[in-house]
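Positions annotated as active site, tele-phosphohistidine intermediate by Swiss-Prot, on the basis of similarity to another entry: HIS191. The feature active site, proton donor is assigned by Swiss-Prot to CYS504. Under the heading phosphoenolpyruvate binding site, Swiss-Prot lists ARG298, ARG334, ASN456, ASP457, ARG467. Residues or ranges marked as Mg(2+) binding site by Swiss-Prot on the basis of similarity to another entry: GLU433, ASP457.
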Amino acid sequence: MSKLIKGIAASDGVAIAKAYLIVEPDLSYDSNEKVTDIESEVEKFNDAIEASKIELTKIRNNAEAQLGADKAAIFDAHLLVLDDPELIQPIQDKIRNDKVNAATGLDEVTTQFISIFESMDNEYMKERAADIRDVSKRVLAHILGVDLPNPSLINESAVIVGNDLTPSDTAQLNKEFVQGFVTNIGGRTSHSAIMSRSLEIAAVVGTKSITEEVKQGDMIIVDGMSGDVIIDPTEDELIAYQNKRERFFEDKKELQKLRDADTVTVDGVHAELAANIGTPDDLSGVIDNGAQGIGLYRTEFLYMGRDQMPTEEEQFEAYKKVLETMDGKRVVVRTLDIGGDKELPYLDLPKEMNPFLGYRAIRLCLAQPEIFRPQLRALLRASVYGKLNIMFPMVATIKEFRDAKSMLLEEKENLLREGYEVSDDIELGIMVEIPATAALADVFAKEVDFFSIGTNDLIQYTLAADRMSERVSYLYQPYNPSILRLVKQVIEASHKEGKWTGMCGEMAGDQTAVPLLLGLGLDEFSMSATSILKARRQINGLSKNEMAELANRAVECSTQEEVVDLVNQLAK
């Protein structure tokens, strides 16, 4: 008899295969072992560190090849942990001073670090604890000579089942064999969910008990649209879901027919669908999915995975490649957004209690022109190879925009004096991520050429709710009327001055949000490339005038639930 488990739908698709249960390895050891050769234990620890570096570098490179540099960046953080003398030295000292074995020294010191970070009322520090936990587990396995689960060894059709999938696990998934996965924990914005959408495999997360219900090799169905997981399905269920799977793939083929189509509503209003990218490697997905431009090029990934700042020439070549490939379509490049959750090993950033509200993005760039100016020069030089727009992230005041623009104009003059060509048709804009910026949108609109609303941060700053914290996740509300009112305010301010507004957060490609954003007058929707064709089909079936009426009603609602009900009534 089959069993139905409910979870959170994380990635579209239907997977039907045998369960591959990720079993946690036995990493137990004897902490009371008498150690006679202390230096051999230190050497064992050092060897385990080096072996872990080699392993993680391979995993990182595999992740970059399959998923792009932005998804591989998590492993740069893990490699930083393995190179951190503030962690490595205390472990070596522990082994020598307390005369304990390598496993004990590692475990006791990392446990202390993890405990300290987790006790901080700061989600960024808690994420560092997760990095240390993941890395220390790998090092401990090497010390003990134990193999960690390796999904890359799967050589037949399978559905991965586990408590959660670590970044290392997801980076090793082979799309040829892995049809989908199911986890006990996680939500739609968890790392494993985001990775599953990049891999385009079915996923259900947050089932709470899947590992207790499934045995190795059980036949399992994963419905990534509904969040249903069926263990040991009946013959009728297998047939029904095989049909649903076929329909899903047929639908994907149908969507491909829209690749070169216009995005235009039934009443003749055009919308622009653009893609978010992290590196030039992402361009093939942009082209394959019919993007009409790039609405967000995250340049920070040029700076990651290396031990020194990229040169002006390296940056120029990357920007040039993107602009040339897009062949005259608009490319919106975000200047360096480092700090917060993104660190660089060669940049000594101050440790802050809340780095998301601290020294990051445009604040850092204006304070360190030796970092900012080479990027501006590279962008200006590349501008003659396509349609370049530049936007500054995390702008809170009009002075920050003016200072950044002034620096850019200075570098333009310098380049012209040096004999370089620079386009005269570059638009300058800002990310709207801070409520203060949205509140002063009418002031900014007089000076910027465009706005791009970064909803991921705007939502958490407006509702004072960390989107990575499970305890307050109920407050992370994209459809809260307060968010919709801010979005409306920004769009109206830009249109009043003859400017345009885009959106590059997760919300831009959300099927519930699209009708509302269309109704509010959003000009550009920038999203993951894999979401573009679905959004095009949705918009092409909507009336702009009707969506404007819907949006006007939505901003008068009191709660997110009321807004969602309004949109759901539209679908009926």
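Glycine is treated like the rest: Cβ placed from N, Cα and C.
Secondary structure at GLU433 (Mg(2+) binding site), as computed by DSSP, is coil. Taking a C-beta cut-off of under 8 Å and a sequence gap of six or more, CYS504 (active site, proton donor) has these contacts in its own chain: ASN276, GLY295, LEU296, VAL332, MET431, SER452, ILE453, GLY454, SER526, MET527. Neighbours of ARG334 (phosphoenolpyruvate binding site), defined as other CB atoms within 10 A of its CB across all chains, total 25. In this structure, the C-alpha atom of ARG334 (phosphoenolpyruvate binding site) lies 13 angstrom from that of GLU433 (Mg(2+) binding site). Across the fold, the C-alpha of ASN456 (phosphoenolpyruvate binding site) and the C-alpha of GLU433 (Mg(2+) binding site) stand 8 Å from each other. Reduced to three states, the DSSP call for ASN456 (phosphoenolpyruvate binding site) is helix. Compared over the binding-site residues GLU433, ASP457, the count of CB atoms lying within 10 A of a residue's CB peaks at GLU433.
Taken residue by residue with DSSP, CYS504 (active site, proton donor) is part of neither helix nor strand, so it is coil. Rounded to the nearest whole angstrom, the C-alpha distance between ARG298 (phosphoenolpyruvate binding site) and GLU433 (Mg(2+) binding site) is 15. Counting every protein chain shown, the number of other Cβ atoms lying within 10 Å of the Cβ of ARG298 (phosphoenolpyruvate binding site) is 21. In this structure, the CA atom of GLU433 (Mg(2+) binding site) is 5 Å away from the CA atom of ASP457 (phosphoenolpyruvate binding site).
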